[in-house]
Every structure is written in C-alpha cells, then in structure tokens.
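The following features are taken from TrEMBL:
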- 1-33: region 'Disordered' (REGION)
- 10-20: compositional bias 'Low complexity' (COMPBIAS)
- 56-76: transmembrane segment (TRANSMEM)
- 82-100: transmembrane segment (TRANSMEM)
- 131-151: transmembrane segment (TRANSMEM)
- 163-182: transmembrane segment (TRANSMEM)
- 194-216: transmembrane segment (TRANSMEM)
- 267-289: transmembrane segment (TRANSMEM)
- 309-329: transmembrane segment (TRANSMEM)
- 350-370: transmembrane segment (TRANSMEM)
- 390-412: transmembrane segment (TRANSMEM)
- 419-440: transmembrane segment (TRANSMEM)
- 452-471: transmembrane segment (TRANSMEM)
Amino acid sequence: MSSTHTVDETTSLLASANSTTEEHYGRRAHGSPVRPGVEIIWNKELRLLFGQSTSLAATWLLQYFYNLIIILVASRLGTDELAAVSVGMITMNITGYAVFEGMATSLDTLCAQAYGSGNLKLVGLHMHRMIVFQLLVAVPVGAMWLCSPWILKVVVLQQDLPALAGVLLSISLIGVPGYAIFESGKRFAQAQGNFNAALIVLIICAPINLILSWVFAFRLEWGVPGAALATALTNDIRPLFLLVYLRHIAPQTLQCWHPFSKSIFQNWSPMVWLSIPGVVMTLCEWFAFELLTFTTSYLGTAPLAAQTFLSSTSVLIWHIPFATSVALSTRMGQLIGGGYMTATKKVARISCFVFAVVGVLDLMLMVIALRDVVASVFIRDEAVREIVRTTVAAVAGFQFFDAVACGVHGIVRGLGAQAIAGWVTFGVNYAYAVPLALVLELGPPKLGLNGLWVALGSGLCLVAVIEGVIVKCIDWQRFAIDATKRDEEVATAG
C-alpha cells in the first residue's frame, strides 16, 4: 500500500494531501522512495516532538516505578532484604531488561520506516517477528536467572544475599514474556504516531501492581517474593490491556496488523542485524554504570550512599532526553521510509536545537533540585548530603552531555544505523570513560565521585562528537534506498 497523491517540497506529512491541521500534522509519511522532500514547519515540528516525548517520558517513568515498588517493599522489611533486592535488580537489568530494550530499539527503525513507506502490514510483521525473537532470547536469560543463586555466590561476598536475590529473579521470570511482548507492542503503536496507548495501559496497571504488592508482601506475608510476583503478574497483563486498547479505543492502528503465518519465522536478518548493536549499546551503558557504582564501595559507606542517590536521580532525569530521542527516531524513520530525505535532514537540524535545550534544562534541574531541596528532604546523614552537594556540578555536566548523546542516538536509530552508535559507545566507554573514571575516582587524583562523573560526562561528549561527525559525513540518501530494499526483502516472505 502506498500513497497516490503528488508530493513536492510544499506537501506536509498529513492524513490528506491538503490538510494542515494540528490534529493531523506528522501523523502520516507515506510515499515511494526517493522523494525530494516535504514541508517541515518548525513550530509544529517542535510541538509534535514535545507532545510525543512527554507521553514517552511518562511511560518510561511509570515502568521504572514498577521496579521501584519492589525496592520500597524491601526497604520496609529490612537491610538484608534491601541489599538482596539491589543485587537482584542489577542482575535483572543487565542480563535481561537491557537485552530486551536493546532488541526492541530495532523496531524504532523497522516499524517507523515500514509505516512511512506505506507498507502497513509490514509494521505488524516486524512486531510479530520481534516478539518471537525476544521469547527465544528469554530462554537463555531465564536459565541464567534460575541459576543465579549459584552464579551470584561467586561475586557477592555476603552468603545470604544470593539466595534471596535468586528467588527474586526466579519469580520475576514469570513476567518476562509479558514484558517482551509489551515492549514490541508499544513500538507497534508508536510507529503509527500513537504514543498514548502504552501510557494509558501503564496508568491502569499501576494501581493493580500496588494492590497486589501490598496483598502478597504484607497481608499474605510473602515479603520480597510477593512483591516480585505482583510485578511479574502485572507485566503479563500489560500486553493484554494494550491489545484491548488498540482494538476498542484505537482500532485504526490495527490496519497495520499482520495475520499469523509462517512468514513470521522467515527472513529475520534485517531485524537481527539492527538488534545486535542496539543490545551492545544498551548493555555497555548499563553495565558501565553499575560497574562504577560498585567501585564506589571502595571509597566508603557515605560515598556509596551518595552515589546511589545521585545515580538514581540521574536515571529519573535521563528519561526526558531518552524519550525525546525515541520520538525523534520514530519521526525520522517515518520520513526515511517515505523517501523524504530533505525533510529528514530538517528534522535532524531541529532536533539539535531541541536536545541542546533539553540538556540545559536537565543541567538546571539537577543543580537546583539536588543541591538543596531534594538532598535536604531525602538524605538525613549530613556527610552524605555534603558529598551530594559537592558532586552536583559534575553530575549536572554529565546530564547535559547525556542529553546531547541521546539526540545523536535518536538520529542514528532513525537512519537505521544502530551499528554506528553501538560500536562507538562500546569503544568510548571501555577504552576511555571507564578506565578514566577508575583513575580519577580511585587513583592518584583522588577526586572521588567527582572524578567518576567527570569521566562519564567526557565520555558522552566524545560519543556525541564522534557519532555527530560520522552522521554528518555519511550518505543519507543511501539509508532511504536501504530502507526500501529492506522492506522489499522482508515483505517477500509475507
């Protein structure tokens, strides 16, 4: 399926050829490659990006809240339970959720480009293939989680923690299929411009998770395993609610639904080759962060507590630029799928301004919130509070460069060049940022947490510069042609 109307430099990406209403701006990008361009209106593009990224930020914050419930339950039960949950959550994030998130980023490219090209059924086919792919990957992930009590004994000194952390991981495994399916379904809706479906589902499921956690953990006295079971069951019902929402509230999205057939199990190579660098990028960022948090324990209890607080706050603020980057990659993917390369470049230029502003806002939010207000409210220990105050400037700088790097990653994903971001991020993190962080934090400079955050921030700056130069120099037209060829190859089996 493809659009039949004439497109030129003055044609907007609208539901109809002549419509210019706010309601339809940016909703469709159908066309046949390679088109010269479409009209990109700065203020409308900014509003579109703001609206979509706001919904996405709220969506990811709510997903983060689900794991936070388990931590809050553990904090009420005791120190050992909280420590075990911390170990379990780190293991869960690195070996499971980071992998699934990285794999799903390929849909930011594949689904958006398929929708932009007018190959609507291909959007659903990509989603179904990713679901099967993720469920297959869940098998070794699940085996690792089931064996985690024995694996964690090798790296965790306290002998009681691996057992409870292993129970947490084993029970959480129940929710992995739902988590994976929801991530793919979320991208299915987002590729069509529906960024509210996943948010509404999470809003509905949040009180269910809270009630189940309270009943299982405290009323039935199952403790941490009860909270983990509540979150796992909620993960499994989320894709069901999403399907109900799409069918009854947003039935127009089902125009992209692909019927179940043997084609779902064929021609996976485009998806796999986009998923691998996505996983590499996500894993190396998460693992580097957790590794450096672990090394902070050598500085003492107060610095470790301060780092835990700073990293948790940083992750919360990170959802803002990350959500904006996903909205950007979806928008660019739609344009590239339609062959509108001039418009794609204009959107990329607009995004440079947007992410610079987001970076400054993140920086100001970190300085204003942490220096006095948040630290005073949530931290009772004066030594920890003072470390937070003296480290805020370095963390704020990190937030700025993190926002800029998120912007470049969004452009790269939109182009379908995840390999660039994956290998650049891996190389910079482990050849430069992590070694420098260890030297500045623990070595002769003795900069402590400031050294850690300065190193990570400079690493992100280097990532943004390298990827920016590469993106500037490569042939963008080739990506529109590649997207067309990929759609033709993938659709062959469909």
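Using N, Cα and C of the backbone, Cβ positions are placed for all residues, glycine too.
What you see is a predicted model, and the numbers here were worked out from it, not measured in a lab.
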Interface-richest range of 131-151, 194-216, 350-370, 390-412, 452-471 toward the transmembrane segment (419-440), CB pairs under 8 Å: 452-471
Positions on the same chain near the transmembrane segment (131-151), where near means CB under 8 A and six or more residues out: 88, 91-92, 95-96, 99-100, 103-104, 162-163, 165-167, 169-170, 172-173, 176-177, 180-181, 183-184, 264-265, 268, 271-272, 275
Stretch of maximal Cβ-Cβ contact with the transmembrane segment (56-76) [cut-off: under 8 Å; candidates 82-100, 194-216, 350-370]: 194-216
Candidates 82-100, 194-216, 267-289, 452-471; stretch with most C-beta pairs under 8 Å toward the transmembrane segment (163-182): 82-100
